[in-house]
Amino acid sequence: MGVESVRCPLHFTKMQGAGNDFVVLDLRDGTPPPDVALVAWLADRHFGIGCDQVIAIEPPRGVGVFAAYRIWNADGSAAQQCGNGARCVAAWLVRDGSVADEHFLIDSPVQAHLVRCIGKDEYAVEMGLPVFEPERIPLSGFPNACGEYVLSLQGEVLRCGAVSMGNPHAVVEVDLIDVAPVERIGSLLQQHVAFPESVNVGFVQVIDPGLVRLRVYERGAGETLACGSGACAAAVVLMQRGRVGRDVRVVLPGGTLRVQWPVSGGPVTLSGPAKCVFDGVWYG
């Protein structure tokens, strides 16, 4: 389904979770997924609809799962994980009438997620286990996991944490989040040889053991108003260091998320808003 071949009009829903916005397509009827060109076209904020990512809802792939979904970044590249997107998929399914239960399963490209409705336009999603082993993030040049990695970045020494939440994340702790060099360091880290699949880069400031501020420079999208998997990544890295507790609020430019990781070796839970902005028709 490309720009030239897509059948117009194309119905869609615009959704957002803490300002991280999505164009959601219902492809449960077997319609082919969008190609790179169409995703980039839909995501364009001037000539298309405009979003950080495009989500396609597809038929379930497993037993007990209500729906599956795929995610693409604004540049058309595929994404493996998106916590805000998962909540928006859940909200879309509830609004559509596809699910009536307070607890249900949805399939992302990397795993099934248990979702709970916890209030009006509020959802909690199990994000799975954080992965700290370098080869599984992937992070090259470091045989063993550690709390902090030291990288050379154009003559600078940069210290960061690294973790996979189904997608790779680097976490840089800063003193003042408002003046952090998010775009410069973020783009350099995404091109660094240590991250062969590129990386989402989070810049985090600890306010107190239960509260942090975060900005995220995402693969294929640049800085976004919020990043759910990035919030989880920053929180678990800080938890591993003993910098915050096991239940932390993460304040991003677009809103506040809650990350809970009760025990190491257990799943991480991400909670926050997910709302429909509008339904629309795209005419190409």
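Note that Cβ sites are derived from N, Cα and C of the backbone, with glycine treated the same way.
In Swiss-Prot, the substrate site is described by ASN20, ASN73, GLY83, ASN84, ASN167, ASN200, GLU218, ARG219, GLY228, SER229, and among GLN53, GLN154, GLN240 the residue recorded at this site is GLN53. Under DSSP, ASN200 (substrate binding site) is assigned to a strand (E or B) in the three-state scheme.
On the backbone, the CA of PHE278 (site 'Important for dimerization') and the CA of ASN20 (substrate binding site) stand 15 Å apart. Note: the Cα of ASN73 (substrate binding site) and the Cα of CYS82 (active site, proton donor) are spaced 10 Å from each other. Per-site Cβ counts within 10 Å over the binding-site residues ASN73, ASN84, ASN200 peak at ASN84.
Within 8 Å of the centroid defined by the CB atoms of ASN20, GLN53, ASN73, GLY83, ASN84, ASN167, ASN200, GLU218, ARG219, GLY228, SER229, the record's substrate site, lie the Cβ atoms of ASP52, ILE71, ALA79, GLN81, CYS82, GLY85, VAL216, ALA221, THR224, CYS227, GLY230, excluding the listed residues themselves.
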